[in-house]
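*Asks:* This is the structure, below, for whatever I ask next.
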Amino acid sequence: MSSKVEQLRAQLNERILVLDGGMGTMIQSYRLNEADFRGERFADWPCDLKGNNDLLVLSKPEVIAAIHNAYFEAGADIIETNTFNSTTIAMADYQMESLSAEINFAAAKLARACADEWTARTPEKPRYVAGVLGPTNRTASISPDVNDPAFRNITFDGLVAAYRESTKALVEGGADLILIETVFDTLNAKAAVFAVKTEFEALGVELPIMISGTITDASGRTLSGQTTEAFYNSLRHAEALTFGLNCALGPDELRQYVQELSRIAECYVTAHPNAGLPNAFGEYDLDADTMAKQIREWAQAGFLNIVGGCCGTTPQHIAAMSRAVEGLAPRKLPEIPVACRLSGLEPLNIGEDSLFVNVGERTNVTGSAKFKRLIKEEKYSEALDVARQQVENGAQIIDINMDEGMLDAEAAMVRFLNLIAGEPDIARVPIMIDSSKWDVIEKGLKCIQGKGIVNSISMKEGVDAFIHHAKLLRRYGAAVVVMAFDEQGQADTRARKIEICRRAYKILTEEVGFPPEDIIFDPNIFAVATGIEEHNNYAQDFIGACEDIKRELPHALISGGVSNVSFSFRGNDPVREAIHAVFLYYAIRNGMDMGIVNAGQLAIYDDLPAELRDAVEDVILNRRDDGTERLLELAEKYRGSKTDDTANAQQAEWRSWEVNKRLEYSLVKGITEFIEQDTEEARQQATRPIEVIEGPLMDGMNVVGDLFGEGKMFLPQVVKSARVMKQAVAYLEPFIEASKEQGKTNGKMVIATVKGDVHDIGKNIVGVVLQCNNYEIVDLGVMVPAEKILRTAKEVNADLIGLSGLITPSLDEMVNVAKEMERQGFTIPLLIGGATTSKAHTAVKIEQNYSGPTVYVQNASRTVGVVAALLSDTQRDDFVARTRKEYETVRIQHGRKKPRTPPVTLEAARDNDFAFDWQAYTPPVAHRLGVQEVEASIETLRNYIDWTPFFMTWSLAGKYPRILEDEVVGVEAQRLFKDANDMLDKLSAEKTLNPRGVVGLFPANRVGDDIEIYRDETRTHVINVSHHLRQQTEKTGFANYCLADFVAPKLSGKADYIGAFAVTGGLEEDALADAFEAQHDDYNKIMVKALADRLAEAFAEYLHERVRKVYWGYAPNENLSNEELIRENYQGIRPAPGYPACPEHTEKATIWELLEVEKHTGMKLTESFAMWPGASVSGWYFSHPDSKYYAVAQIQRDQVEDYARRKGMSVTEVERWLAPNLGYDAD
């Protein structure tokens, strides 16, 4: 270890060190242009170079040096080289692969010079350089082609070559450490570790390695799907100096994952979060002092050894952090229990206290005839089902073997492992790569991002080959199965087994440096009851060897192929299962940790028939000389039988319960099949029909409510429960009506979507959740005027009123309802909810207009608690007082709140518009001008569906497809996803929901902040004008955008175009939902609305693709996956009126006039410019390659007056439509 490394370790033990902040953020502040990036050397480079930040170490080194020095001056101990994208792979985007080594070397040398200068100034505070290896722009474990999940656009070897070249240059340029950062695909990082270790060996150096991963969203997983602990387990073999997290999230969101890492990591922990989450402009708003306060709390909690900043952070942030952690003790390295720490997408830790681990054996061509056939016939989809079944049946690891004479084992292994990577329900468990061919093993290791197991290596080919393979496995980061096999052959006796294992253990731990907990011995399981006397003690020898290994070889694990022991009884599954059960019973007691088994065919030792168990024990323990003969005689009795014939009986057992328990079970499980039958039975037993509702049905719903409140049931399950409840109540209603009885409820609530708004999915869900908790709901539907809401509330004597809305004009209508409630003397609570609502708006705009309780409810899951408190005699006063005090604080803070960035005049904003050389650009000519009706089938659109918002509708948080394997909601998400696809199948087959739309392309040019739209190419007749708003806050280093900027100015003489569209998931949406409601089926009512919404968004995506490739035709060769479409990785944008880039809703009327939308599609606009049906999307098309989404945000009075003049509206009217965007008080 060098003196510098020793010095660094000493510093880490004494204090929290500080890393630098965002490099890209600082480069942007210089507002460099294309010429700056090129410099003299690259003036004639054949492609654009602006944005190639890493190139600046050659073309503008003074800028990068200034940024390094600014961070050192701010207090940074470590700076990162400007090489995030300097691999040959990433540099290919700029045709600069050949410059990779030069850029890395120059970057390290430049950072080294800055660090040495600052160390010379303050020798007591040495400065260090971390040579950065970025993630590249490729993913080794994710297919870029949605139609071919086995395809990869980069290989492990390709990554290793690129990372080796960069590492060599960074080391030679003077880096003190190598930082592998922003890891979103762990397989890329494993390749980086392999490359760094290999290059260190070639150079004869050993620098500390830092690793930092990226948790991409609230799911708590990397982009490639791993949890924090799985990610750590996968890279633990790097023996990194530090392990940490950076990017994607701000301190609030990242905290829990840093906390988890600090608990599990044996090394030092780093964190460099973003300055919060990006705002609508893609900028970061978290100021330095606020961020530093959060970081100080982390440090005080003992999470940190090194801290810095990522996107959006500046020297001001780093200076504040440096002050915040000064004097605080660094995190102490924890003592972590020794365990074999494996991973798939999720961790699997096998320690001393772990239960037996099942390794699924059926994905093995040598052991499963079915699997072999599927692989040979290339039926990989069915082969995946075999793997999935093993996991579903309890396999915690799956063993994969492709060794078959007529197979290309390498190709089959690679393809199957790549396919598994795209199946989260399989990939969540670790992989055991099983082969007798080293080349196959290596190919497999290059495909798995988790920490897997290699099965196997041995000393049969000599010690040199054994050591060579073991060293490579260590570098790949795999645990290893070591066979009890040496130059003399397989160990068959207990003495030979421990002799070979002892020798292998010594070589691995002392010569190779292999962690003992990653060594898994297979002392050879051989078949018993073969009729050969020498074989009689095979099982007992294995069991005894387990005891020897555990006693003599600390932390080593034991495994074996369990099916081998029963091979003599192949064809007699019940006897084989009994042999396995008895064998495992004794082997596990003696230390066996895991076994390769058929996870779906494991019998339970205590459940075996006594005579069979005793006979098997005689054989396994070799207790009788005639044990084999006796078992053979008995075996025929059990051939073809099943030891667990009770499965079907258990499944139907609940039908034998007493009726009240059956009703509860049906409610909790959402089973409608028997509900009328059981409800009638309960009615026959009750004195009055109402007692069935107030008794067993409400008891069951109380269980549902409790489970939902405790997080043990999820919204889709609750809605299914409500469906059962409604059908039971509907059955009882005629009997109740005949007896003139009314049930007792917890309260009555009128709910409605306000006038002008047609969106009701969220409202419907709230209604269902409250009904499940015995509240009576009077649902008035959508577009309900204030007068009707209040009249109904009086008529039904409501206890509460709930208002919902999605579009921004609904906010004003909610204020109007509150004013009317006050005027009419209401005192009952008013609840506010919906996508555009907020606590701030409720406090500032609504509550002050109504003296009764006014409460903002964020989501359905919180509604029950709020309603219960408001109607409680004991809780109400306190809850209302606390809420009013909270809202008063919100109003005070709102009044004091200053804009994050100061406003500028409209004139100044226009002077800072999007600067573009229109003379050097020719806009693409639209191929098909005019208006066209468009239809698309559900089967076409389902390929374009973004499912993540669908799950959000049902309050299931997580990103698709990873949500399907989520530890908490995964099972329910899978059920919901199946139900959704079943309904799509039905809607498609029956054609009961028919998406339709209209699109138009028109000649157009910009005039100021407006876009003139022309009748034809003569451009002499203006048929309409699209009016737009400009960003009006100070934008240092950025333009003040307006959508009109992306269309060629009229004065430029360039012919440009604009597109418009309107699509709906189907006019039949409401009728279908009403039909389900009539059947008391809230679940399918909400489902059809949610799917119609998804189909509308999918239609918009599909139509935009058609416009780019065909109608406008500026991207005819575009070939994007659905994920890439969702991420909008294409040229052009389709902003929608009412959304951040064009927030004013009345502009939809321009689209309706241009396209004659109602005539072509039947879609309508309400008085508030909401679209009907609710599942509808409309917007504009822009083709400009630099067009982008942004948020207009707050505008000032001068722009409002200008906009009113341009639109021919009064200022007051414009202020009403743009109320959320006003940067001044309009009252």
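Placement of Cβ uses the backbone N, Cα and C atoms for every residue, glycine included.
Keep in mind that what you see is a predicted model, and the values were worked out from it rather than measured.
The feature Zn(2+) binding site is assigned by Swiss-Prot to Cys247, Cys310, Cys311. The methylcob(III)alamin binding site annotation in Swiss-Prot covers Glu694, Gly756, Asp757, Val758, His759, Asp760, Ser804, Thr808, Ala860 and is backed by experimental evidence. According to Swiss-Prot, the feature S-adenosyl-L-methionine binding site maps to Asp946, Arg1134, Tyr1189, Tyr1190, an assignment based on experimental evidence. The domain 'Hcy-binding' annotation in Swiss-Prot covers 2-325 and rests on sequence analysis. Marked as domain 'Pterin-binding' by Swiss-Prot on the basis of sequence analysis: 356-617. The annotation domain 'B12-binding N-terminal' is assigned in Swiss-Prot to 650-744 on the grounds of sequence analysis. Positions annotated as domain 'B12-binding' by Swiss-Prot: 746-881. As annotated by Swiss-Prot, domain 'AdoMet activation' applies to 897-1227.
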*Asks:* Look at every Cβ pair spanning the domain 'Pterin-binding' (356-617) and the domain 'Hcy-binding' (2-325), keep those 6 or more apart in sequence, and say whether at least 3 of them are under 8 Å.
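*Replies:* Result for the domain 'Pterin-binding' (356-617) with the domain 'Hcy-binding' (2-325) is yes.
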*Asks:* May I ask which residues of the same chain, at least 6 positions away in sequence, place their Cβ under 8 angstroms from the Cβ of Cys310 (Zn(2+) binding site)?
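*Replies:* Listed in sequence order: Gly21, Gly22, Thr182, Asn246, Cys247, His272, Pro273, Asn274.
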*Asks:* Taking the binding-site residues one at a time (Cys247, Cys311), which has its Cβ surrounded by the most other Cβ atoms within 10 Å?
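*Replies:* Per the Cβ count within 10 Å, the most buried is Cys311.
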*Asks:* Counting across all protein chains shown, how many other Cβ atoms sit within 10 Å of the Cβ of His759 (methylcob(III)alamin binding site)?
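*Replies:* Other Cβ atoms within 10 Å of His759 (methylcob(III)alamin binding site): 23.
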*Asks:* I need the CA-to-CA distance for His759 (methylcob(III)alamin binding site) versus Asp946 (S-adenosyl-L-methionine binding site), whole Å please.
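*Replies:* The Cα atom of His759 (methylcob(III)alamin binding site) is 19 Å away from the Cα atom of Asp946 (S-adenosyl-L-methionine binding site).
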*Asks:* Starting from each candidate's C-beta and looking 10 angstroms out, tell me which of the binding-site residues Asp757, Asp946 has the most other C-beta atoms.
*Replies:* Asp757
*Asks:* 10 Å Cβ neighbour count around Arg1134 (S-adenosyl-L-methionine binding site)?
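*Replies:* So the Cβ neighbour count for Arg1134 (S-adenosyl-L-methionine binding site) comes to 22.
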*Asks:* At the Cα level, what's the spacing in Å between Asp946 (S-adenosyl-L-methionine binding site) and Cys311 (Zn(2+) binding site), rounded?
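*Replies:* Taking the Cα atoms only, Asp946 (S-adenosyl-L-methionine binding site) lies 27 Å from Cys311 (Zn(2+) binding site).
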*Asks:* Express the distance between the Cα positions of Arg1134 (S-adenosyl-L-methionine binding site) and Asp757 (methylcob(III)alamin binding site) as a whole number of Å.
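*Replies:* The Cα atom of Arg1134 (S-adenosyl-L-methionine binding site) is 22 Å away from the Cα atom of Asp757 (methylcob(III)alamin binding site).
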*Asks:* Helix, strand, coil: count each for the residues of the domain 'B12-binding' (746-881), based on DSSP.
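*Replies:* Its residues divide into 66 helix, 24 strand, 46 coil.
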*Asks:* To the nearest whole angstrom, what is the C-alpha distance linking Tyr1190 (S-adenosyl-L-methionine binding site) and Cys311 (Zn(2+) binding site)?
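*Replies:* Pair distance, Cα basis, whole Å: 18 Å.
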*Asks:* Tyr1189, Tyr1190: which of these binding-site residues has the sparsest Cβ neighbourhood within 10 Å?
*Replies:* Tyr1189
*Asks:* Using an 8 Å cut-off from the Cβ centroid of Cys247, Cys310, Cys311, can you name the remaining same-chain residues around the Zn(2+) site, in sequence order?
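*Replies:* These residues sit around the Zn(2+) site: Gly22, Thr182, Thr214, Asn246, Ala248, His272, Pro273, Asn274, Gly309, Gly312, Thr313.
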*Asks:* State the mean pLDDT for the domain 'B12-binding' (746-881).
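*Replies:* Across the residues of the domain 'B12-binding' (746-881) the model's pLDDT averages 86 on the 0 to 100 scale.
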*Asks:* Pull the DSSP breakdown for the domain 'B12-binding N-terminal' (650-744) and write it out as helix, strand, coil residue counts.
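*Replies:* Its residues fall into 73 helix, 0 strand, 22 coil.
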*Asks:* Given the binding-site residues Glu694, Asp757, Ser804, Tyr1189, which one's Cα is the least distant from that of Cys311 (Zn(2+) binding site)?
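*Replies:* Among Glu694, Asp757, Ser804, Tyr1189, Tyr1189.
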*Asks:* Could you say which of the binding-site residues Glu694, Ser804 has its Cβ with the most other Cβ atoms inside 10 Å?
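*Replies:* When each Cβ's neighbours within 10 Å are tallied, Ser804 leads.
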*Asks:* Give the three-state DSSP assignment (helix, strand or coil) for Cys310 (Zn(2+) binding site).
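*Replies:* Its secondary structure by DSSP: coil.
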